[in-house]
Amino acid sequence: MAKAQTAFVCQSCGAVHARWQGRCEACGAWNTIVEEARETPQSLSPGARARSKGPGLAFENLDGIAVAPPRLVSGIGEFDRVCGGGLVEASAILVGGDPGIGKSTLLLQAVAGAARRGIKSVYVSGEEAIAQVQDRARRMGIEKAPVKLAAETRLETILDALKHEKPQLAIVDSIQTLWTETLTAAPGTVAQVRACAHELVRFAKKAGTVLILVGHVTKDGQIAGPRVVEHLVDAVLQFEGERSHHFRILRGLKNRFGPTDEIGVFEMGDAGLREVTNPSQLFLDNRGQARPGSVVFAGIEGTRPVLVEIQALASPTSFGAPRRAVVGWDATRLAMILAVLETRCGLGFGGRDVYLNVAGGLKITEPAADLAVAAALISALFDVALPEECVVFGEIALSGDVRPVSRADARLKEAEKLGFTQAFLPRAASANSSASKMAKAGGQNPRLVAGPVGVKHRVIATAADLVTAITGEENPGPKALSEQDE
Ligand code: TYD
Ligand code: MG
């Protein structure tokens, strides 16, 4: 029997199936399987086999000469920081994100910044016509930057041009639009995306160029997800944000040359993206006086402390099962905090719809937000505002105990910088942290004590402590609730 010339490949995860089916068994995605030509590797010609004789590969020791890799700086501070302090020569970076979020805008600004600093830069657009990119550059006031611009989608043409131009920085926007003549599959399919990315990355490594690839991520997985490219590149950055909000966050997901939890914050305006060097100010913008259900969380995003407002609403359920809606936080984590408050403190959220929102559209992933979320929920339930100018942070265990979190000092310093005077926080784990010194000063029953920074700390040891701290009553749970419900 003749061998099948085609294969059925999932465009979301790259799994190969024997026949077409509606759902990919490997990743569970629907409608992502596409028939593609099966490519068989050519066997090496006798000449090539002869060339590969002999050792060929030189091994080296682990303790090579320690040199920091040279970095190219684009001058866009937030971008450079997420990259780990600049772009490393001969590296490949994938910038992913939803369509229309601002990837092209960001990279055009970065490439212009780099070009202005004397870095030989090339921008290849596979999506927009040259005039469109020029128009955008003019609107952003960066049209004078010496960037070499081209619009092309054929991989071979792009590679030839890059080999000829030998740029230090090359942007290819986007990887999904490229196609290589060696494959018959349509642009955007896994085979094409993988082959094009592979060739471009190989070029970057060989020529010492910094290559930045743009990749769209679509939730329905119809277009080959950049996931199939992730392992080929040195860094994966995600550009995210709510389209209804102005600000955007560049997040490092993988980085061989820097920290992965770093974020860069930008604001989208009429003239492109503006760097936001003090994100706390942005996320706390328009914050009036303290209101019930609103709590300021002192978080850490990457290396930076960021203050952000967490809002909760607990309204009586009018019909059926109570709703739980979360924006900017993990729904499972919210369910856990609600369960802890119900079980350990006797608070009744059963008959209430609970809404939780992280102001400004930021997505929080830190467990340190637990205590702030719990505070917002308690404050909403009892309709009592937290003390004004108060920040909250700490992790809550299922037992109801509040666990210490990392970098308490940095969080408190940021709070102080922005005029906050009080903090609800866990007992610190490390003996030399300011929070722990404060806990000692507070003795057995710590109350408000002035810490080494000008923020008064109140140690919260358990979830029940938090209820007391907010409502001012020892065990107000069931009592207050029954009063309220009557
Ligand atoms: P774009 O960079 O084209 O998104 P992507 O490359 O991720 O698909 O950004 C498109 C959006 O950005 C579009 O909705 C318009 C908006 N935008 C501005 O608001 N101001 C600007 O100066 C620019 C250039 C774009
Ligand atoms: Mg684009």
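Here the Cβ of each residue, glycine as well, is placed from N, Cα and C on the backbone.
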*Ranges 74-78, 99-103, 254-258, 284-288: which does TrEMBL label motif 'RadA KNRFG motif'?*
254-258
*Residue list, the motif 'RadA KNRFG motif' (254-258) vs rest of chain: Cβ under 8 Å, 6 or more residues beyond ends.*
69, 82-85, 88, 91, 230, 233-237
*Work out, from DSSP, the number of helix, strand and coil residues along the motif 'RadA KNRFG motif' (254-258).*
0 helix, 2 strand, 3 coil
*Among the binding-site residues ASP98, GLY100, ILE101, SER104, name every one whose Cβ is found under 6 angstroms from ligand 1, counting any of its atoms.*
GLY100, ILE101, SER104
*For the binding-site residues GLY97, GLY100, which one has its C-beta crowded by the most other C-beta atoms within 10 angstroms?*
GLY97
*Helix, strand or coil: which one is SER104 (ATP binding site) in, per DSSP?*
helix
*Cβ under 6 Å from ligand 2: which of the binding-site residues GLY100, GLY102, SER104 qualify?*
SER104
_Env. residues of ATP site, Cβ within 8 Å of mean position of GLY97, ASP98, PRO99, GLY100, ILE101, GLY102, LYS103, SER104 Cβ_ = HIS216, PHE239
*Here are some binding-site residues: PRO99, GLY102. Which one has the most Cβ atoms within 10 Å of its Cβ?*
GLY102
